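Enquirer: What follows is a structure written as structure tokens; I'll ask about it next.
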2 protein chains.
Amino acid sequence: MSHAQPRPVRAPIGTQLTCKNWLIEAAYRMIQNNLDPAVAENPDALVVYGGIGKAARNWDCFEQILESLKNLNEDETLLIQSGKPVGVFPSHVDAPRVLLANSNLVPAWANWEHFNELDRKGLMMYGQMTAGSWIYIGSQGIVQGTYETFAEAGRQHFGGDMVGRWVLTAGLGGMGGAQPLAATFAGACSLTVECQQSRIDFRLKTRYVDEQARDLDDALARIAKYTAEKKAVSIALLGNAAEVLPELVARVKAGSAIKPDLVTDQTSAHDLINGYLPVGWTVEQWKAAAGDASRHADLKAAAARGCAVHVQAMLDFQAMGIPTVDYGNNIRQVAFDQGVKNAFDFPGFVPAYVRPQFCEGRGPFRWVALSGDPEDIYKTDAKIKELFPHHAGVHRWLDMARERIAFQGLPARICWLGLGERHKAGLAFNEMVRTGELKAPIVIGRDHLDSGSVSSPNRETESMKDGSDAVSDWPLLNAMLNTAGGATWVSLHHGGGVGMGYSQHSGVVIVCDGTEAADKRLARVLWNDPGTGVMRHADAGYEIAQQTAQERGLKLPMLGR
Amino acid sequence: MSHAQPRPVRAPIGTQLTCKNWLIEAAYRMIQNNLDPAVAENPDALVVYGGIGKAARNWDCFEQILESLKNLNEDETLLIQSGKPVGVFPSHVDAPRVLLANSNLVPAWANWEHFNELDRKGLMMYGQMTAGSWIYIGSQGIVQGTYETFAEAGRQHFGGDMVGRWVLTAGLGGMGGAQPLAATFAGACSLTVECQQSRIDFRLKTRYVDEQARDLDDALARIAKYTAEKKAVSIALLGNAAEVLPELVARVKAGSAIKPDLVTDQTSAHDLINGYLPVGWTVEQWKAAAGDASRHADLKAAAARGCAVHVQAMLDFQAMGIPTVDYGNNIRQVAFDQGVKNAFDFPGFVPAYVRPQFCEGRGPFRWVALSGDPEDIYKTDAKIKELFPHHAGVHRWLDMARERIAFQGLPARICWLGLGERHKAGLAFNEMVRTGELKAPIVIGRDHLDSGSVSSPNRETESMKDGSDAVSDWPLLNAMLNTAGGATWVSLHHGGGVGMGYSQHSGVVIVCDGTEAADKRLARVLWNDPGTGVMRHADAGYEIAQQTAQERGLKLPMLGR
Ligand SMILES: NC(=O)c1ccc[n+]([C@@H]2O[C@H](COP(=O)([O-])OP(=O)(O)OC[C@H]3O[C@@H](n4cnc5c(N)ncnc54)[C@H](O)[C@@H]3O)[C@@H](O)[C@H]2O)c1
Ligand SMILES: NC(=O)c1ccc[n+]([C@@H]2O[C@H](COP(=O)([O-])OP(=O)(O)OC[C@H]3O[C@@H](n4cnc5c(N)ncnc54)[C@H](O)[C@@H]3O)[C@@H](O)[C@H]2O)c1
């Protein structure tokens with residue numbers, strides 16, 4: 001269907017405009033940045049990340065999006081329907097320049113089968129979260145999200161300080177590999193059990209993990225040493241989590257003083273064929289069985305038995321008073337189905353650690369330097385520290401990120417800020433653009449792992465206090481409000497993260513072009529967007545959110561009625 | 001949960017403002033108008049129409065909505081989540097004053113069971129279409145929608161003229177009762193078969209049907225006479241459609257010259273317990289069986305057999321070259337399940353008659369006089385005629401409506417206008433408000449039975465040319481674009497018309513307050529809103545839409561690529 005051919009794409013940098021103003025230019029650069037070979041997983045297929053999360057429906061659509069943006073007037077709005085530019089309509093300068101809707105299906109048809117059929121016909125595209133909404137910036141987000149989770153655990157359980165503490169977990173895969181670095185960032189030691197040497201090697205090479213222990217005794221000795229020295233060192237251990245964790249439980253029960261301060265897991269227990277090594281199996285046996293459909297039933301059963309043992313050990317740790325959480329890999333459900341009836345005694349990571357932050361409108365805020373110059377980001381890093389001098393966690397993150405995280409594509413930064421903080425940052429950046437302190441405008445956006453713009457009952461809105469997990473009025477209100485406020489582009493997606501049928505969510509991006517008009521828009525949008533998160537959680541009955549609303553002066557008409 | 005008590009509600013009229021400007025006042029009056037006892041079906045329960053379609057979640061929420069509107073500033077936006085006022089946020093004067101999201105659920109939970117559970121907990125409300133979006137105006141819309149359907153049939157099959165033609169149909173219930181009057185409006189005679197005398201009596205009394213025939217011979221004699229005289233007279237016949245239609249087929253086959261020009265049906269075949277009288281049963285037997293659960297299986301089977309015979313007769317008419325359509329009552333599916341394998345040979349009314357209009361952005365446009373003075377509506381009627389001197393159908397409708405349709409609540413008018421027409425009407429009304437020709441501002445809105453703002457694969461988007469029936473990116477883009485354009489309020493709903501899981505749709509309302517700012521907003525919103533309908537149909541491959549887009553100068557980047 002598409003006549004245009006794949007080609008290497010890179011966002012233009014510098015101060016020369018291709019489009020009619022910086023707001024439009026920002027969209028023009030950011031869609032290209034999403035497809036930069038240094039950013040995208042499979043740029044030829046327009047795939048940015050997350051399975052088949054794409055930035056445009058096909059190459060014809062991609063080229064026409066660029067063309068439409070080049071021609072777009074400052075009072076027009078371009079509509080994108082699942083990655084295809086379908087219309088250009090009159091609006092006004094304070095309205096968004098682009099509005100996007102990706103992968104949305106009427107509920108009774110909202111499943112992968114129907115989606116795939118439409119996708120094959122060229123009528124649809126999977127937008128994931130930041131892929132189809134043109135604000136993906138590489139893997140910085142994974143480290144940072146995990147860091148925030150650990151940092152919040154530190155705040156909740158250890159008076160805000162993880163120093164001298166240690167995290168016990170497993171899995172050094174695509175996402176799980178961020179755990180040791182994130183723990184280090186949070187000030188903690190960590191022990192990560194991983195059954196494949198190749199995965200450990202990769203993480204050692206990229207400095208995501210510091211050291212590998214020879215065996216469990218060696219690992220515990222290192223942990224004891226580093227925690228005593230208050231050094232945040234990460235240790236990998238080759239082994240099967242379903243063997244190592246029960247052994248650790250047994251040692252603690254037998255009197256060992258070396259016990260973890262936080263327990264979690266990121267093996268791929270959600271996929272019992274390819275994701276979880278059964279107890280007593282070698283990795284080679286596992287891979288062979290995974291590659292042979294006739295052995296899948298056996299493999300699944302064996303992996304599930306392993307998960308049950310693994311979860312039992314996690315429950316044992318919890319029973320000792322050690323904070324324990326599921327990291328979104330479904331391992332509790334597997335164990336529950338195996339007969340571990342109290343598997344859900346420990347919570348998921350969102351209700352446990354992320355929700356309290358959502359209640360304050362906090363979540364993965366991010367920004368990108370359109371100049372292409374890393375110095376611009378370093379200056380904004382400094383500005384954030386200056387604006388929030390008491391935010392120790394943020395300071396620590398910014399320092400670590402600068403040192404250990406490589407930029408991919410346009411220089412960018414992620415940092416969790418909440419209601420009352422984001423618009424301050426936005427206004428400060430806009431001022432820096434205005435005065436010329438920064439070389440070019442800054443683009444501000446956020447993930448859809450967010451407080452007010454996501455309904456995802458298996459993740460972001462799992463176990464809401466009032467049972468409103470599946471109510472999706474909230475992301476729709478968020479998208480309309482951000483449109484009303486004058487964001488630069490706004491998107492509404494379905495199925496991100498958890499797949500077709502299971503989520504609805506909205507994205508927002510706004511540009512600091514240094515103008516006074518942008519000041520007004522930034523003040524509104526970066527207040528309103530996290531504000532809807534506080535509102536949604538206050539409405540669900542969370543006290544932190546109700547307090548935040550009151551303290552910050554959010555207008556919630558029914559609060560307290 | 002709610003402490004406020006039900007009370008009779010009526011919209012204020014006249015020129016005295018309760019709110020801070022007319023845009024906010026319009027919302028304030030329209031939500032109250034929706035609950036006027038002359039408008040709403042069950043105002044005490046806040047139910048406006050369409051089963052449990054409500055205007056506010058409960059009485060506390062209703063009172064707080066009024067309160068919030070009274071206090072709302074001209075640069076603020078009120079958010080309504082399923083009938084509850086949840087937040088007030090800064091926006092700007094060209095942004096909507098109210099944004100609403102009603103009954104939306106994440107797809108995997110989008111069913112009546114889950115909705116009812118949330119509804120019982122006080123967390124949800126069913127918004128239907130214009131109930132929860134505060135622009136319902138009574139039953140004028142039903143007559144008009146049916147009229148447009150018949151008029152379009154006239155255009156397609158009879159050179160634009162139904163005079164001397166006759167429509168054969170059945171059912172004089174809540175919706176079906178509009179058929180004879182609508183046929184009259186379209187210039188045609190009609191014969192409507194109805195099995196309950198009480199229903200015929202009610203329609204005779206309210207002048208929705210003109211005469212009742214004694215028997216089939218009498219009915220056909222009257223039809224022959226009136227069609228020859230070119231008089232548009234409607235005739236009711238007491239009987240069972242599954243008996244009368246086959247008898248008519250037999251007569252035509254035997255040489256009778258009196259055969260219908262259009263065949264359809266509005267018995268409630270979608271509900272085989274309460275909606276369709278089986279052949280050979282009396283109405284009393286039917287009602288008794290419907291009231292006795294133990295007899296439901298028998299009743300259903302008998303009703304289904306009747307539907308099969310009924311559809312077979314409709315197919316026979318079609319085979320004679322007579323245009324035949326299903327009017328959204330699912331009778332084809334029932335017959336198909338009974339073994340009538342070609343039941344779907346005749347189309348639904350949307351693909352057959354409404355879609356060509358959707359392709360031009362046409363649909364039930366409506367407006368309301370906030371003054372409360374019917375004269376204001378009569379003046380707008382005249383203005384429409386003046387603006388569109390060649391729109392014979394519109395002129396006929398306006399004359400008939402003025403004569404035969406009683407206002408309910410605030411005086412209002414419905415009339416189908418399309419892309420390029422609506423903004424002209426809006427600007428003309430705004431001018432009339434500005435000059436004082438009208439006593440107070442006019443509110444403009446539309447139904448969600450609409451071209452660009454609905455995804456409803458069993459109705460509005462049934463059998464789309466490209467198979468994109470279930471793609472719901474379109475209504476979401478429509479809502480965001482109307483928000484960007486500066487509509488006065490915008491809503492996003494789920495489940496209207498066809499129930500939970502089966503539709504997503506968006507509403508829009510915009511106020512003519514006589515200002516120049518309103519001119520700009522009206523020019524945008526009333527161009528863009530029908531424009532998204534033309535866009536959606538052009539994208540699906542409809543030539544009329546592609547032509548309309550070209551003629552009207554709509555910017556569709558991928559058209560022709
Ligand atoms: N909900 C969220 O937001 C979220 C965030 C991060 C991760 N997750 C989940 O975490 C899991 C991990 O994600 P990933 O991308 O890193 O997956 P991955 O498949 O790339 O990595 C899993 C790792 O676990 C190892 N492993 C498997 N079985 C083991 C065992 N018995 N003992 C020790 N190691 C074992 C594997 O060798 C592999 O390296 C997934 O289930 C993912 O869905 C969810
Ligand atoms: N898709 C749409 O937009 C749309 C629009 C209008 C109507 N409809 C459908 O049309 C149908 C009618 O709606 P309604 O509100 O008028 O329903 P209703 O139940 O109020 O009326 C149905 C009428 O049909 C009569 N009837 C039943 N069986 C009969 C038979 N065998 N012969 C003759 N008369 C018979 C009943 O006595 C009753 O008066 C419904 O299925 C409705 O969903 C759909």
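Placement of Cβ uses the backbone N, Cα and C atoms for every residue, glycine included.
All annotation found in TrEMBL is predicted automatically rather than curated by experts.
Remember, predicted model here, so these are calculated numbers, not experimental data.
Okay, these came from TrEMBL:
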| type | residues | note |
| --- | --- | --- |
| DOMAIN | B:9-135 | domain 'Urocanase N-terminal' |
| BINDING | B:50-51, B:GLN128, B:174-176, B:GLU194, B:ARG199, B:240-241, B:266-270, B:276-277, B:TYR327, B:GLY497 | NAD(+) binding site |
| REGION | B:449-468 | region 'Disordered' |
| COMPBIAS | B:459-468 | compositional bias 'Basic and acidic residues' |
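I'd like to know what surrounds each of these features in this structure.
Expert: On the 0 to 100 pLDDT scale, the domain 'Urocanase N-terminal' (B:9-135) averages 97 in the predicted structure.
The local packing around B:GLY174 (NAD(+) binding site), expressed as other Cβ atoms within 10 Å of its Cβ over all shown chains, amounts to 13. According to DSSP, B:GLY174 (NAD(+) binding site) is assigned to coil rather than to any helix or strand.
Within the same chain, residues 328, 347-348, 350-351, 354, 358, 449-450, 497-498, 503, 505, 539-542 sit at least 6 positions outside the compositional bias 'Basic and acidic residues' (B:459-468) and bring their C-beta atoms closer than 8 Å to a C-beta of that stretch.
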Enquirer: Would you identify the secondary structure of B:SER268 (NAD(+) binding site) according to DSSP, in three states?
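Expert: For B:SER268 (NAD(+) binding site) - judged by DSSP and reduced to three states - the answer is coil.
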Enquirer: How many other Cβ atoms sit within 10 Å of the Cβ of B:GLY497 (NAD(+) binding site)?
Expert: 21
Enquirer: Around the Cβ of B:GLU194 (NAD(+) binding site), how many other Cβ atoms lie within 10 Å? Please give the count over every shown protein chain.
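Expert: I get 28 for this one.
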Enquirer: Given the binding-site residues B:GLY50, B:ALA241, B:SER268, B:TYR276, which one's Cβ is surrounded by the fewest other Cβ atoms within 10 Å?
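Expert: Relative to the other binding-site residues in B:GLY50, B:ALA241, B:SER268, B:TYR276, B:GLY50 has the fewest Cβ atoms within 10 Å.
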Enquirer: Which of the binding-site residues B:GLY50, B:GLU194, B:TYR276 have a Cβ less than 6 Å from any atom of ligand 2?
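Expert: Among the binding-site residues listed, those whose Cβ sits under 6 Å from ligand 2 are B:GLU194, B:TYR276.
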Enquirer: What does DSSP call B:TYR276 (NAD(+) binding site) in the simple three-state scheme?
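Expert: Coil, per DSSP.
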